[in-house]
Amino acid sequence: MALAHILGYPRIGANRELKKAVEAYWKGDIDQAELERRGQALRAEHWQASRDAGLDFVTVGDFAFYDQVLNVSAMLGAVPPRFGAIDGDVDLDTTFRMARGRAPSGTPAAACEMTKYFDTNYHYLVPELHAGQRFRVASTRLFDEVAEAQAAGHPVKVALLGPVSWLWLGKEKSAGLDRLTLLDDVLSVYGEILERLAAQGVEWVQLDEPALVQDLPRDWRQAFESAYNKLQSAPVKLLLATYFGALGDNLGLAAGLPVAGLHIDTVRAPEQLDAVLDRLPTYKVLSLGAIDGRNIWRADLAALRERLQVARARLGERLWISASCSLLHVPVDLDAETDLDAELKSWLAFARQKLDEIVTLAHLLDGRATPEDTARLEAATSALDARRQSPRIHKPAVGERLAAVSADDAERASPYATRAKAQHRHLDLPLFPTTTIGSFPQTQDIRAARRAFKSGELSRDDYEARMRDEIAHAVERQEALAIDVPVHGEPERNDMVEYFGELLDGFAFTRFGWVQSYGSRCVKPPVIFGDVSRPGPMTVRWSEYAQSLTDKPMKGMLTGPVTILQWSFVRDDQPRDATCRQIALSLRDEVADLEAAGIKIIQIDEPALREGLPLRQGEWQEYLDWAVKSFKLSAAVARDETQIHTHMCYSEFNDIIAAIAALDADVITIETSRSDMELLDAFQDFAYPNEIGPGVYDIHSPNIPEVEWMVSLMEKAAEKIPAERLWVNPDCGLKTRGWAEVEPALANMVEAARELRRRYG
């Protein structure tokens, strides 16, 4: 009998209950006991959903109040000294301090670095690793949650990030440290954790090792062998979980490790199934990630049943069926989407529906389909046939325009050196010009107005009048602060991707399709279901109005084609690069319209450019080629004197600096404050020719940056980049902060720029 299970479930709740609870706790509106009670209620609800669907286990360990990697760091006692907790238990407040930047005394402390989890839009807190670091079992949270599930009568499988991938995701904080020298001590704690889980009666523990789908140096491959040879004595069965891609040259390594089972991703890498079947020892379970854990399209159950029959025949009782990865990356429940049109809704499956798909597929492969399974199979086949034939998908005019694009369409009229001279004459900005990344605080009043407008309580005219008031306020505050290049603040935008998707054809929107980005931050990705085109201008009137309020050059704000693609649920019936070029052409028209409206600076944000990189370096160039061409296609229509900015956050640039330069943006703003300007090394080594705004303060922390601290960061930047090519700006947009934090932070930033002009002018 094929067993059905999942690697993890969304923890935010169908109505973002987790976000609301955590933020209420941070504000002091609820106490920790109430926060824990709400977390327990969410876990109970999610475990019950698994049982109701018919899964053979509930998965325990996928829940976190902030981040599952942070949970492991806390469990291992891997807390940076500035946050205390050197001995004893690591409590919830300590983990929040690590994430948000506070010392135990309440004074500001640098938050732990945050970066993308492999190639997803989920962000994790990077473990900080030090020479001589001591590890211990420092949290009982996992054991407590196991006891919770058992008390509710659930059969438990524990999910935990594996020891090697935890180290792989970490960062050395001691000069000359090799992370792998810490592995033995980490393994000792993992061994103790597994012993304690066994004592609780846990039979299966899933250890996530997604590092195995990447290019691993020899010493890391050896580390996997060493680690799992040591862990094989643990009195539990280990399921080694790999996902986000193919095992590739690590297949033999993964198949040969002394564990009881292996999970592979057969959505991202269906081609690896036959090779894994050939290499898997006859005693091991093989868990097939056959249902897409990262996208929302309904599974083709008939095709999967046919394709996986060979695995069923060869494995028999050793076959498990699952999603490709944790369902963390998809929304919770499609049933909540009562406003979505019936045809489009029939093409989709969210996390709750994917539980049903997993169970039905297992039943179909076993030949034990229930009437409900048969009905589900027939409904899926019918919906997918309708999707393939729907006239909503393909628009001939879009295809014709795309086919007519030439190489010249992606090139600016003049090289950067020529453009820079024209822009400096046109803009007349000071040394170290100041700007922000685009968004200003989304206040309760703004959110209330948007809700009232969407519910019909507020007319369009009244809503737009309120948004103009908010724009005027943002411009007024920037004028008072003496920001050199203001922005309109984006009060009219609910989300930097969703806003554009609502104004483009080929997109659809959900009401409850939230997924976790980091901590309490959730995003609601648009659904790209068909060909993309722009019916009309999207941002022009807002930027034009903002420009009318100031003599300074107002910066127009667009989200780039690659980021719109990466942060959407993308159609799976054509190559991603084709969809990206369709978006780029729509943005190209917007750039032309902004320029015609008198906007002299246009920012095309691409924070997700690096995120789209394949996990295997051998596949990078193909992706970078089309990603860069898409960006340039959107920007190249601009005249020489129009300055094109781009912004990238949470990015590492060393290995893609040539592609960054190939974007040919006049100014690039990047997140650097958490990395102490280390990211600029890549630009220095590459002799990057254009202008750069290295972020001088971390907007994810509520701390107010000091003037001298920002000056010192910019002085480090000026050692690597000529002062005349440096801008002064925050790391990222200010949407999630409050005005009480933003104004003093920006005032200090402007003062830092003045001091820099005194020193370098």
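Every residue, even glycine, has its Cβ placed from backbone N, Cα and C.
Residues or ranges marked as active site, proton donor in Swiss-Prot: H700. Look at Swiss-Prot and you will find R16, E17, L18, K19, K116, R521, C522, W567, E611 tagged as 5-methyltetrahydropteroyltri-L-glutamate binding site, backed by sequence analysis. Summarising the annotation, Swiss-Prot assigns L-homocysteine binding site to I437, G438, S439, E490, D605 and lists sequence analysis as the type of evidence. Taken from Swiss-Prot, the feature L-methionine binding site covers I437, G438, S439, E490, D605. For H647, C649, E671, C732, the entry in Swiss-Prot reads Zn(2+) binding site, with the evidence type sequence analysis.
A gap of 9 Å separates the Cα atoms of S439 (L-homocysteine binding site) and C732 (Zn(2+) binding site). Spatially, by CA atoms, the binding-site residues L18, C522, E611, H647, C649 include one closest to I437 (L-homocysteine binding site), and that is H647. It is 19 Å from the Cα atom of C522 (5-methyltetrahydropteroyltri-L-glutamate binding site) to that of D605 (L-homocysteine binding site). Residues I437, G438, S439, E490, D605 are the ones the record ties to L-homocysteine, and the longest Cα gap between any two of them is 13 Å. The CA atom of H647 (Zn(2+) binding site) is located 10 Å away from the CA atom of G438 (L-homocysteine binding site). Distance noted between the C-alpha atoms of C649 (Zn(2+) binding site) and D605 (L-homocysteine binding site) is 9 Å. Comparing the Cα of G438 (L-homocysteine binding site) with the Cα of every entry in L18, K116, E611, E671, these being the binding-site residues, the smallest distance points to E671. Within the set of recorded positions E611, H700, C732, the entry lying nearest in space to D605 (L-homocysteine binding site) is C732 (CA atoms). Excluding I437, G438, S439, E490, D605 themselves, the residues of that chain whose CB lies within 8 A of the CB mean position for the L-homocysteine site are, in sequence, T436, V487, M496, M557, Q603, H647, G733, K735. Ranked by how many other Cβ atoms sit within 10 Å of their Cβ, the binding-site residues E490, D605, E611, E671 place E611 at the bottom.
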